[in-house]
């Protein structure tokens, strides 16, 4: 064990520690210089909150504003440990390496990744700070769960500081094909960073298989050759005397909560009001996305434009609502993408709309949760058309909100969700005619066929919720090390 004062000292009392880029709070700096915060909703914190409470748990992460204090925060019984990031850290580690290098590389090079040594150096430095904060907070023999692409070096760094810990890592975005990942100048360092964990989890078996191959190729480690299955049949990598398990764990949503909220009388009344406000169209198409170039918003707009032009969709009884949450607004590729999307919206409304009757209703702002659920209830067709997406929880949220068995889901084949939601209208977003055909089929589906499809989709989503995902991962993590404490509430 490290000496007194070293980051490796296990002085903390938390038996279960979650490490993520962001804390589960939204913090803002007030005019007088002080700060305030509120809890940010999310499936991850919902799933893990009971475990965090039961096990004296802690959450390590950035509070969301530069140069915030690192004083621990207690929020309704949860212990939060902020990691302070400077404006330069945010620019280089987060906006730079995480979102201009890793994000496009892991999403099939939709936008060209940028490789800067300065960004990489800052990524290493910030990951080390997260590892040191975790080492201080974790009790002897604790379980640590590291989340996502911003922190891929933390497992190895933490292993060096605290070999007594049981460490899991889960990647929430796709893991790229081997030939794409090999472009990364620091490819070996990232693979070795992840191999510091006892369990490395991905959404789909394909990502796990890619990782196993790269571990073998880049580190020379012995790996299992068997096919990885969903929540079963784990791959293995031998790292010295340790065996690292590699598995597939498709993430999900709090489907029971959404199902209950969508049945609420006020929400259903709001859904009727939305239809009235849109002019009581025969069909409402809906898109709900963070404004990101991976989401394929431009694809659905182009498909709709051509369907209107071909007369396959009637402009007088169909509207499309696109809810786009602002994202990464200082990054040039996102600025250009927003301009392109707004240009497409203007073209469609100018070409096919009438005064007082636009075809596309485009909202570029955050939408309150209950309002979003009302949109899900109101929409006849949900359009989820990413060019690449690790899972896409919006597709599952829409299904969870349709207890009436109404509606239809058009879903990109290049989402992780497509592997589970087979009764959706699946489409290749790179094939515009295929997207158009899927939208047309969803708009004109036979009502009984629609109910059959939605019933099957709901069975899948309600049975495989976020709690089941978290338990599957944590049970597998506890099995990796003899004597590890099981994480149970």
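Using N, Cα and C of the backbone, Cβ positions are placed for all residues, glycine too.
Of the residues proposed, 312, 328, 338, the one Swiss-Prot records at the same D-glucose 6-phosphate site as 22, 94, 148 is 328.
The binding-site residues under consideration are 22, 290, 328. Their Cβ neighbour counts within 10 Å are lowest for 290.
The local packing around residue 173 (site 'Involved in alpha anomer selectivity'), expressed as other Cβ atoms within 10 Å of its Cβ over all shown chains, amounts to 20. When the alpha carbons of residue 395 (UDP-alpha-D-glucose binding site) and residue 148 (D-glucose 6-phosphate binding site) are compared, the span between them is 21 angstrom. Ranking the recorded positions 94, 103, 148, 328 by the distance of their Cα atoms from the Cα of residue 397 (UDP-alpha-D-glucose binding site) places 148 first. Among the recorded positions 22, 94, 103, 290, 328, the ones whose Cα sits within 10 Å of the Cα of residue 173 (site 'Involved in alpha anomer selectivity') are 103, in sequence order. Shown are the binding-site residues 148, 397; the one with the most C-beta atoms within 10 angstroms of its own C-beta is 397.
In this structure, the C-alpha atom of residue 393 (UDP-alpha-D-glucose binding site) lies 18 angstrom from that of residue 103 (site 'Involved in alpha anomer selectivity').
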